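TrEMBL has this to say about the protein:
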BINDING   80, 81, 119, 248, 252  divalent metal cation binding site
Ligand SMILES: [Zn+2]
């Protein structure tokens, strides 16, 4: 039985950080100054003085994730994606975002998001991706102002050049399984050595990819026109960069275990203990896919 006034209780007060101390540790790892002007990372819900014992990590602040955090007994949910990017006039629980807020607040679970600041920082989303894929000599694809290490995306080199198909297989096996798999544009036998990567949607960075003369570009949410135009442009000069289109969710999920460990270490350095867990939920919105196998290039038209 725990006596609420016992010394044991006050020792808990000493070893667990407050929400504001967690926020301070996050700031040292993923400074808000690195976030894009349109972004809204930071505290979405929570009291600064709240003690944080359990932290739950996920990519998306969706209802299933909020429910999971609560069932895990988390005091804090940290997600990569913001819950709110646009102003709202209501958080009524009849709206899906309002319901997420109610679920968390009613169960004393705070919410912090680390979005483009975590994309840009050293040890952030694209850095982790680059390391998992075995890249070396990693530099930012689009450096933050005045920084040689921070910025959106990364470019690096494979220790041993690979066929595009083999490299795509490496990408595929590194990612959590999702319905959409991995799509590739380019010659499966083409050799790739220099790799550009942007976790999440990176189709605005083709100019930087070309400037770095990357052999292949990995990103998510590649739409028809940017992808088609990038391939047409590539064919004018050596067919590079090839493209690998991955799941937005999967490309960013890979950061979570590393981010969780980094925060745990930063808090431990200040004498605080937290327990962390990474969500195992797949929050990629797509559930299944139909493909035509190897016949994707074949279009038949029947006339009478
Ligand atoms: Zn994202």
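Backbone N, Cα and C atoms are what each Cβ position is placed from, and that goes for glycine too.
What TrEMBL says about a protein is an automatic prediction, not a curated fact.
Feature map: annotations from TrEMBL on the structure.
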residue : record                             : DSSP (3 states)
80      : divalent metal cation binding site : coil
119     : divalent metal cation binding site : helix
248     : divalent metal cation binding site : helix
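Sequence-ordered, the extra residues of this chain that approach the divalent metal cation site, with Cβ no more than 8 Å from the Cβ center of 80, 81, 119, 248, 252, are 59, 115, 118, 125, 199, 200, 249, 251, 255. Just so you know, the Cβ of residue 252 (divalent metal cation binding site) picks up 25 other Cβ atoms within 10 Å once every protein chain is counted.
Of the listed binding-site residues, namely 80, 81, the sparsest Cβ surroundings within 10 Å are found at 81. Taking the Cβ of residue 119 (divalent metal cation binding site) as centre and 10 Å as the limit, one finds 28 other Cβ atoms among all the protein chains shown. Every protein chain shown contributes to the tally, and the Cβ of residue 248 (divalent metal cation binding site) ends up with 23 other Cβ atoms within 10 Å.
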